[in-house]
Amino acid sequence: MRAGYSIFLLILSLTVCNAGKLSNTFYKNTCPQVEKIVREIIQIHTRNNPSLGAQLIRMQFHDCFVRGCDASVLLDTVSNSKAEKEAIPNQSLGGFDVIDDIKAAIERVCPKVVSCADILALAARDAISSPFKKSMWSVQLGRRDGRVSLATEISGNLPSPFANFTSLVQLFKGKGLNVNDLVVLSG
């Protein structure tokens, strides 16, 4: 249980990036059904893809480590500037289709209200929580979506698979994380 609690605290710390004032009731008046919509769609997708939780946690990690938790990893390439998702480390990310499904469902009910950054945070939580049939942690909401996504910013912001322990410790330290966080996120 200690590792689970560590993951919760780490995800909580990563998910508060790029936001104004976060709140458990951020969408209470503007889109009160947001969490229900996310949970229901995630439950459908996790039945067919048990690894979805790991995929969405990884996506959120890749998003938060570059520009903060702003959903910039979800943005597509525009003009000549390749987006973050086109960078080699992100080409193996999975779950974009699930986030698209959730966003479409939310837009039908609450158009132009819920940020993609909040959707990603809720989806990652719910995909991990789905087998337990209850939310494993609370997600505060109110993140703002980024408008910039550059593949060139990936290098130096995401850990290289060839990085040694010393360079990993330095990278995590630069993000305000410690060795315990490094171990938890490295799985």
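Glycine residues also receive a Cβ, built from the backbone N, Cα and C atoms like all the rest.
According to TrEMBL, the feature active site, proton acceptor maps to H62. Using a 10 Å Cβ-Cβ cutoff, H62 (active site, proton acceptor) registers 21 neighbours.
The annotation Ca(2+) binding site is assigned in TrEMBL to D63, V66, G68, D70, S72, E84.
The substrate binding site feature in TrEMBL is assigned to P159. Other Cβ atoms within 10 Å of the Cβ of P159 (substrate binding site), summed over all protein chains shown, number 17.
The disulfide bond annotation in TrEMBL covers C31-C110 (among others). Around the Cβ of C110 (disulfide bond), 16 further Cβ atoms fall within 10 Å across all displayed protein chains.
Look at TrEMBL and you will find C64-C69 (among others) tagged as disulfide bond.
Across the domain 'Plant heme peroxidase family profile' (21-187), the prediction's mean pLDDT works out to 94. Taken from TrEMBL, the feature domain 'Plant heme peroxidase family profile' covers 21-187.
The signal peptide annotation in TrEMBL covers 1-19.
Residues annotated as site 'Transition state stabilizer' in TrEMBL: R58. Neighbour list (R58 (site 'Transition state stabilizer'), Cβ cut-off 8 Å, at least 6 residues apart, same chain): L93.
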*Could you check which of the recorded positions (C31, S72, C110, P159) sits closest to C64 (disulfide bond), going Cα to Cα?*
S72
*asked:* Counting across all protein chains present, how many other Cβ atoms fall within 10 Å of the Cβ of D63 (Ca(2+) binding site)?
replied: 31
*Distance between G68 (Ca(2+) binding site) and C110 (disulfide bond) at the Cα atoms, whole Å?*
25
_To see if you understand the setup: which same-chain residues, six or more apart in sequence, place their Cβ under 8 Å from that of V66 (Ca(2+) binding site)?_
S72, V73, E84, E153, I154, N157, L158
*Using C-alpha atoms only, work out the spacing between D63 (Ca(2+) binding site) and C31 (disulfide bond) and round it to an integer in Å.*
24
*asked:* Here's one to test understanding: among the recorded positions C31, H62, C69, D70, C110, whose C-alpha is closest in space to the C-alpha of P159 (substrate binding site)?
replied: H62
